[in-house]
Amino acid sequence: MRTLWIMAVLLVGVEGSLWQFGKMINYVMGESGVLQYLSYGCYCGLGGQGQPTDATDRCCFVHDCCYGKVTGCDPKIDSYTYSKKNGDVVCGGDDPCKKQICECDRVATTCFRDNKDTYDIKYWFYGAKNCQEKSEPC
């Protein structure tokens with residue numbers, strides 16, 4: 001529950017990428033889609049360790065890796081430009097760093113949609129204690 005509260009504070013208090021990522025998830029997955037990914041498996045939510053639990057959690061693992069490769073701006077707080085088109089997201093803007101953040105979020109959101117059948121409620125609030133295996137490299 002603490003993780004949910006932390007994420008809620010972050011999403012409400014930030015008008016940057018995490019806020020936009022949540023809005024993007026809701027657009028693609030449905031109005032409350034973001035709640036499903038606040039604390040799921042070993043990688044969805046704050047932090048991440050161990051092996052992804054399933055294809056849905058792997059989306060978050062890849063997203064974490066993508067954020068880790070961003071240089072020159074802060075993926076968690078910097079705002080970017082995107083538009084919505086026929087259920088998809090199109091990243092825009094002139095700043096290459098911010099566009100890279102948007103692409104990380106877009107790819108993850110699309111991954112959630114493409115793997116929604118792998119989502120398993122048993123991994124919601126799974127907990128770090130269940131994610132003790134060695135992490136694979138990005």
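Each position is counted from 1, following the chain as shown.
A Cβ is built for glycine as well, from the same backbone N, Cα and C atoms used for every other residue.
Not measured: the values here are computed from a predicted model.
The signal peptide feature in Swiss-Prot is assigned to 1-16; the stated evidence is experimental evidence.
Sequence-distant neighbours of CYS42 (disulfide bond) (same chain, 6+ residues apart, CB-CB distance under 8 A): GLY48, GLN49, GLY50, GLN51, PRO52, THR53, ASP57, PHE61, TYR126, ALA128, ASN130, CYS131. Annotation comment: Swiss-Prot describes CYS42-CYS131 (among others) as disulfide bond.
Here the Cβ of GLY48 (Ca(2+) binding site) has 19 other Cβ atoms within 10 Å, regardless of which shown protein chain they belong to. The Ca(2+) binding site annotation in Swiss-Prot covers TYR43, GLY47, GLY48, ASP64 and rests on experimental evidence.
Spatially close to CYS60 (disulfide bond) yet at least six residues away along the chain are TYR37, TYR40, GLY41, TYR43, CYS44, GLY45, GLY48, PRO52, ALA108, judged by Cβ distances under 8 angstroms. Annotation source Swiss-Prot lists disulfide bond at CYS44-CYS60 (among others).
Annotation source Swiss-Prot lists disulfide bond at CYS59-CYS111 (among others). Secondary structure at CYS111 (disulfide bond), taken from DSSP and collapsed to helix, strand or coil, is helix. CYS111 (disulfide bond) has a Cβ environment of 17 other Cβ atoms inside 10 Å.
Annotation comment: Swiss-Prot describes HIS63 (among others) as active site, evidence class a curator's inference. Same-chain residues at least 6 positions away in sequence with a Cβ under 8 Å from that of HIS63 (active site) are, in sequence order, TYR43, CYS104, ASP105, VAL107, ALA108, CYS111.
Annotation source Swiss-Prot lists disulfide bond at CYS65-CYS138 (among others). Sequence-distant neighbours of CYS138 (disulfide bond) (same chain, 6+ residues apart, CB-CB distance under 8 A): ASP64, CYS65, GLY68, LYS69.
DSSP assigns CYS104 (disulfide bond) to a helix. The disulfide bond feature in Swiss-Prot is assigned to CYS66-CYS104 (among others); the stated evidence is experimental evidence.
Look at Swiss-Prot and you will find CYS73-CYS97 (among others) tagged as disulfide bond. Around CYS97 (disulfide bond), the same-chain residues six or more apart in sequence whose CB sits under 8 Å from its CB are VAL70, THR71, GLY72, CYS73, ASP78, listed in sequence order. DSSP assigns CYS97 (disulfide bond) to a helix in the three-state reduction.
Positions annotated as disulfide bond by Swiss-Prot, on the basis of experimental evidence: CYS91-CYS102 (among others). In sequence order, SER17, GLN20, TYR80, THR81, TYR82, VAL89, CYS91, GLY92, GLY93 constitute the residues six or more apart from CYS102 (disulfide bond) in its chain with CB-CB distances below 8 Å.
Cβ neighbour count for ASP105 (active site) (all protein chains, 10 Å cutoff from its Cβ): 26. What Swiss-Prot lists as active site is ASP105 (among others), and the listing cites a curator's inference.
Contacts of CYS66 (disulfide bond) defined by a Cβ separation under 8 A and a same-chain sequence distance of 6+ are given as GLU103, CYS104, VAL107, ALA108, in order along the sequence. Distance noted between the C-alpha atoms of GLY47 (Ca(2+) binding site) and CYS59 (disulfide bond) is 14 Å. CYS131 (disulfide bond) falls outside any helix or strand according to DSSP and counts as coil.
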